[in-house]
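Peer 1: Starting off with a structure, shown below.
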Amino acid sequence: MRLLPAVVSLSLTVALAYYVYIPLPETIQEPWRLMMLDVGFRTTMHLASLKAWLGFDHYIQSLRQSTEGFDDIMQGLCSSQSEGGVMPGVKVCDITFAGVPVRVYEPPAGGEGHLRRGLMFIHGGGWALGTTKKGSYDVINRMLSDELNTVVVSVEYRLYPEVNFPVPYLDCLAAAKHFLSAEVRARYAIDPERIAVSGDSAGGNLAAAVAQEISTDDTMSVKFSVQALIYPVLQALDFNTPSYLQNQHIPILYRPIMVRFWLQYFGADLSLLPQLLANNHSSLQHSNITPELRARVDWTVLLSPKHKKNYKPVIVEKGSQGGAREVPGLLDVRASPLLAGPEVLAKSPRAYILTCEHDVLRDDGLMYARRLQDSGVTVTVDHYLDGFHGCFSFVTWPMEFEVGKRAVRGYLDWLQKNL
């Protein structure tokens, strides 16, 4: 009988180690920190799914409660930093732009006698999670406002499950047009030649889509001068790019989770997930996906050999019957900016695109950079060999990563020189 406690203890230890440990590439500098972060995310998702299965709440609502609770803790830990000397005097105000909730950060340096930069920021979170009012987004926007003497407007667009595409896009577009208006520019003393749009992940998707629409809208007298996209998600036709396959098991954005985010955004049946993972939704039998559209996401042409490596394209002859009909919005450039034609890209603002080697979305950003460059747009690609999806947001204790701090610094430095 004395052996029983030892056996149980050993079994629990092995089970815990199996749950925590994930083999990670050697280039990731703080592997155990990332593993522990991932344990927290996976556990939160499992518990949220269990609560939904038991009928207590929608799993996204449960995820929000957990992440917002974590953000509240982080906000308390970071409040002294953002209020006690590092960013003194940044004025923060929660208002609405064209009916869309936004948070405005005004720098301590006034606009009297000179104009200031302006930047609209759109947060990530798979079009379902996140807020710029708490956590690292708030800290980074305060830093940006203070260091670059910039009026920052962060958009609180509506999220899934309350809404689906194109509502988040339309919210961001409405806020952007209001931000660029003469009335708002005058109110905040913003230089019309120095206004940026920026976002990370799903926010990068929305930022790119909004930048495209504004750049081609002849009714807009003032347009964005630059776009700064942080590991943006840009297409839903190919979930078997080299980065999707190489990084499908790398925290914190696993391949099936990204596909699920897309299905949720489109309001499609979640049971279609295996079809999308296999690229059946974009098989050659779907005549509405023209060769021209396919060429716009053809990584065999758009990626460099070092990123293509030895991967082969996954092209399905005959897949699921529905295709674009089963996944409404699949071919809409407002959802997939990488599908935009060269005539649209040619009018897009100068671009900064941050990509991470260990991120399923790496190739989306790299392909977009190549297509923008081919269309005559000046592009800076800031690629982090030790980066992973989400690292930009992990810059405050206790979840700070050196690569995250470098990524934020690189982003701020580029905006300082180019905005």
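Our numbering is plain: 1 for the first residue shown, then up by one each step along the chain.
Backbone N, Cα and C define each Cβ position, glycine as well.
Take a look at what TrEMBL says about it:
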type	residues	note
ACT_SITE	SER201	active site
ACT_SITE	ASP359	active site
ACT_SITE	HIS389	active site
DOMAIN	119-269	domain 'Alpha/beta hydrolase fold-3'
DOMAIN	331-392	domain 'Alpha/beta hydrolase fold-3'
Peer 1: Please give the average pLDDT for the domain 'Alpha/beta hydrolase fold-3' (331-392) in this predicted model.
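Peer 2: 98, rounded to a whole number.
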Peer 1: Cα-Cα separation of SER201 (active site) and HIS389 (active site), in Å?
Peer 2: 8
Peer 1: Just to confirm: which same-chain residues, 6+ apart in sequence, have a Cβ under 8 Å from the Cβ of ASP359 (active site)?
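Peer 2: TYR231, SER243, ASN247, ILE250, LEU253, GLY387, PHE388, HIS389 - these are the non-local Cβ neighbours of ASP359 (active site), listed in sequence order.
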